[in-house]
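Comments concern the structure below.
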Amino acid sequence: MWRLRIGAKAKDNTHLFTTNNYVGRQIWEFDANAGSPEELAEVEEARRNFSNNRSRFKASADLLWRMQFLREKKFEQKIPRVIVEDAEKITYEDAKTALRRGLLYFTALQADDGHWPAENAGSIFFNAPFVICLYITGHLEKIFTHEHRVELLRYMYNHQNEDGGWGLHVESPSNMFCSVINYICLRILGVEAGHDDKGSACARARKWILDHGGATYSPLIGKAWLSVLGVYDWSGCKPIPPEFWFLPSFFPVNGGTLWIYLRDIFMGLSYLYGKNFVATSTPLILQLREEIYPEPYTNISWRQARNRCAKEDLYYPQSFLQDLFWKGVHVFSENILNRWPFNNLIRQRALRTTMELVHYHDEATRYITGGSVPKVIAVFHMLACWVEDPESDYFKKHLARVPDFIWIGEDGLKIQSFGSQVWDTALSLHVFIDGFDDDVDEEIRSTLLKGYDYLEKSQVTENPPGDYMKMFRHMAKGGWTFSDQDQGWPVSDCTAESLECCLFFESMSSEFIGKKMDVEKLYDAVDFLLYLQSDNGGITAWQPADGKLVEFIEDAVVEHEYVECTGSAIVALAQFNKQFPGYKKEEVERFITKGVKYIEDLQMVDGSWYGNWGVCFIYGTFFAVRGLVAAGKCYNNCEAIRRAVRFILDTQNTEGGWGESYLSCPRKKYIPLIGNKTNVVNTGQALMVLIMGNQMKRDPLPVHRAAKVLINSQMDNGDFPQQEIMGVFKMNVMLHFPTYRNMFTLWALTHYTKALRGL
């Protein structure tokens, strides 16, 4: 039976190291002797229910660890469920009862170290690179045991589309990239090409691939993985030369201006490209060469294949300028830098420089790397370390961190990001903080204090080592990461939300909270946020936006500002200014003023804001309005808030809720769910926008209707139903945040309960 271990310490202190005793670390372990017959039956039922309903509910409810925690804590929901009938008015007691039920359930899900565990996956291209890399390096069986393989296969079978392919994420239609790499993953894991025990998964996948032109229509990142495996030729790839890291700072795009995920990916990938590395051929590799192309492998024109991309994968068609750019880079990289004498004078030096960067970034993040995409696609880092020296400590340190990325759900094993521990904990604490009152019981008090302890121990207390600016790193001291302190790469909104929580605890009496956080650490957090504000008033996520944009560069290439991060930062800094007016008061006020203007300038014609990290316009509007309100704006004095409220009212469905499709993200316009269904996460966010916009004082009916949806959606145990996927990054790649169904629903109920009490 699989079990989740929290704060798992290193079994091998040589290759795994920590900055804070592994606080927040989440590791799944299989124990063949664990679990009673009843517990095992419960797990199997959850798996069976997901598989049977996978065509209707694509995202897992993340049940396995929840069942484990509820058993361990002997949780029993004793408060009866509230049901609001059609003609019935919601009373204050109804709302408070529903909130109380949800808080008791949510409290039981908190880990002993204070954070809330959760899956953070959802994207279908996360598993295969790990499998391919471990296969190439000969460590597949060591890392992925039989039990791991069973769950890997379960995940791929569960998320294969009806047409035989796989999409970019669990709700996505099939594309070439994910279909090819998942097909290869199945074959590496021992599934035969023509038949298997799951309705010929390989045969159906191969048919989809061949029907859509074959693997030469994979995008660049897919072609790179096929090249290192030896089932594609590097000459059919767009160039990723290691000499890129030599570009001076005055170039429009250089190592320092790249978006951090792209930088981490291209570090390892450019080394492999520059080395022209290809895995040792095996019988399976030779078979794959014949299975994923419609023509014989030896007949493929790699030059013609270089610019191919399936229409299903082509989110941003390449412009004429981009065509010229890539052709120029290819000529320079392959016809000049890769030939004598330049290959000795420049290429070898570039390879050494690239690996210096790889090692620096790996060490600075304790081999967790810069984020979900870098570690998953830039398993390239791990592979580059192995190519450099298969016996190196660098490679062994990467292997030691692989368990940090494994997550087990009822739908199988998925490689996730390194975790969303800090983000989930800060947002979860907001629920308890906003619902805080003087008669709080000991259970809620304990939840608050454990969460505070986790945040305090997870703050980044030092900048990266050495001359970090030279290595394309930036100030980190004072920030909070997305996950834990070991990862070491702070994010602005995670910092802002965590700082806001810490300011609440700072305002509490010592009798309630005990020892408080060092005030200097709060100052450090403020400094970090101030550092990230751009001239336009917006705030970036990881590093200042110093990219020099040109026509052919998408915003996925360089760092830029985000409305959600800006809104969160305004909330935290406005509260900080109230509690600590003596620290950088003018700078903080200037930040808020500029941030408000940035938010107002970014508002869409319909009154919404585009959400970069969640689905999508409702998500962005929630964080934008929250920031405006914290800055002193309200419905009466702010046109932007009035327009935002109108957008929310206009998109409310007949049930009284809201449901937004993930398609809003790539299409950049509001798209409701099919059938105008309700999603409780969107509904919670929209409900809070209405309350912040003083809708209760003008016409409370839309608010009551939304609250009724949330209250009636609550399940017998206090949980809320898992529905559509609600996280995203870079418009196309969806991420699964299953705890959102608890956070945003309960947070909304705290707002609603307070609003009822104030009537």
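Glycine is treated like the rest: Cβ placed from N, Cα and C.
Swiss-Prot annotations:
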ACT_SITE  ASP493  active site, proton donor
REPEAT    149-190  repeat 'PFTB 1'
REPEAT    522-564  repeat 'PFTB 2'
REPEAT    641-682  repeat 'PFTB 3'
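Around ASP493 (active site, proton donor), taking its Cβ as the centre, 25 other Cβ atoms fall within 10 Å, counting all chains. Across the repeat 'PFTB 3' (641-682), DSSP assigns 21 helix, 2 strand, 19 coil. Per DSSP, the secondary structure of the repeat 'PFTB 1' (149-190) breaks down as 23 helix, 5 strand, 14 coil. Secondary structure from DSSP puts ASP493 (active site, proton donor) in a helix.
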